[in-house]
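Written below as structure tokens is the structure these notes are about.
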Amino acid sequence: MERVSTVAISGVEEQLMVVLGQMKASKVLVPVLDISMAICLIMSVMLFVERVYMAVVISIVKISGRKPDTRYKWEPFPEDLEQGNLAYPMVLVQIPMFNEREVYQLSIGAACCLSWPSDRLIVQVLDDSTDPAIKTMVQTECQRWASKGVNIKYEIRDNRNGYKAGALKEGLKRSYVKECDHVAIFDADFQPEPDFLHRTIPFLVHNPQIGLVQARWKFVNANECLMTRIQEMSLNYHFTVEQEVGSSTYAFFGFNGTAGVWRMAAIEEAGGWKDRTTVEDMDLAIRASLKGWKFVYVGTLQVKNELPSTFKAYRYQQHRWSCGPANLFRKMLLEVMRNERVTLWTKVHVIYSFFLVRKIIAHIVTFVFYCVVLPAAVLVPDYHIPKWGAVYIPTVITVLNAISTPRSIHLVVFWIVFENVMALHRTKGTFIGLLEIGRVNEWIVTEKLGDALKIKSVDGAGKVKPAATNQQRRFKFIDRLNLLELGFGCYLLFCGCYDLIYGKYHFFIYLLLQAIAFFVMGFGYVGTFVPSSSN
């Protein structure tokens, strides 16, 4: 029996070598691999240059102390006995929400506690909820704050046209909004500190060219699981480097859709909110910048919010964040090129750096090169894989990203393999946006858990739960399966095993780790698992 098994294994090995030999001799596969490798290396160099450039700029900014209040005039509002509260501009606070059962009280409460004269502040809750019970709870919460003297408005629509952009646009049509000079926007899970307006509005009051003041996000659940820690690493780079560089050099960066204050005049001149893509915030920011408005990023001002902690919610979010920018790039490329109000340097920054490199190439090269082309290359005997492109460049990029979150540097290997898996969905979303097909305008609100998980764990303490049936277990397991990830996991596992046996570059170390990451996420064992109430 043992001899038969040995012969069978030997036969499979011989067949495999024959197939791989044919692959090498193929007049189609190798040239395709050569072209793909060349394109990926070019994109890697473009991304590398962009990251090094931003590292240099941010270093100069930090060393020179170029803070927002040194580049623009900023003064606190003085006590004016004659004018009283009239010295303060009228501010509207918009809170768009959709079935936000777990977090609506946090955002409404934080907005109502902003330290601003009550007669100069309007809190507008834009509730698109479809669950009648949630709508009642949100309305009751608004009434509770209104009874305390807060000028809060509860607004609903009879449809969800335009999703968030439609809600914000509809909210600005209300008659009482006409007296407002500025509008602050907070998503349903954002909790600004009481002094938020005192630290942002002065930029707008004293600098008429500024149209937007953006604050940084602070993640309240970053320590919830490994997935949230990894998200924190990626987003910290965005806020500490990309946003700072854009604000310091070009006075342009993409609005994050929340935790920012707009000048009403800037929104109006830019054409208002549009729902043509799923990144209405970025759309408005680019149109406003093309009208000559400047943006300011205040990195020291942080607003608490929640990271998606379930894998399903994170996948939906990343699809929207990758598909939307690519689709917007398709729609606005010619508009940016033809604009005559901004400098050529700003156009190059927006088209090349902001869109092409960061929103398109960064996603595509991460997945195509490291999860498709590189694994395929190890299957072709004696194929030359440049170490500078496969090892040195990604190492530098990884280090530049990791230093933005010093406390998580020890998790950098997990960050690499996790981001490569997510690059699969980002690449798919990018092509959907560029080609404007399929789920291009799909909008699924990112699920927020708030304190729901803590409450469930407390309520379930000491209680014996009925055992789940075999059918329930089977459905749960099927729901957690992600076939796309499992498919690529099998592909990488095969390539890794082949490189381990026959390869000479030792890429199997990376390939096997990456395969494990695909399998872990393919089987749904990542992020927070929220048990259903029926269990």
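In case you wondered, yes, glycine gets a Cβ from its N, Cα and C as well.
Marked as transmembrane segment by TrEMBL: 35-61, 360-380, 392-418, 481-501, 507-530. Per TrEMBL, the feature domain 'Glycosyltransferase 2-like' maps to 182-375.
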Original post:
Is the transmembrane segment (481-501) close to the transmembrane segment (35-61), in the sense of at least 3 CB pairs under 8 angstroms with a sequence gap of 6 or more?
Top reply: no
Subject >> Same-chain residues near the transmembrane segment (360-380), Cβ under 8 Å, at least 6 residues beyond its ends >> reply: 20, 23-24, 29-30, 33, 36-37, 40-41, 43-44, 46-47, 322, 325-326, 329, 390, 394, 419-420, 423-424, 426-427, 429-430, 434, 488, 491-492, 495-496, 498-499, 503, 505, 507-508, 510-511, 514
Original post:
Near the transmembrane segment (481-501), which residues from the same chain, at least 6 beyond its ends, have a CB less than 8 A from one of its CBs?
Top reply: 16, 20, 311, 371, 375-376, 378-379, 421, 424, 507-508, 511-512, 514-519, 521-524
Original post:
Same-chain Cβ contacts of the transmembrane segment (392-418) under 8 Å, 6 or more residues past its ends?
Top reply: 44-45, 47-48, 51-52, 55, 226-227, 229-230, 232-234, 236-237, 240-241, 370, 513-514, 516-517, 521, 526
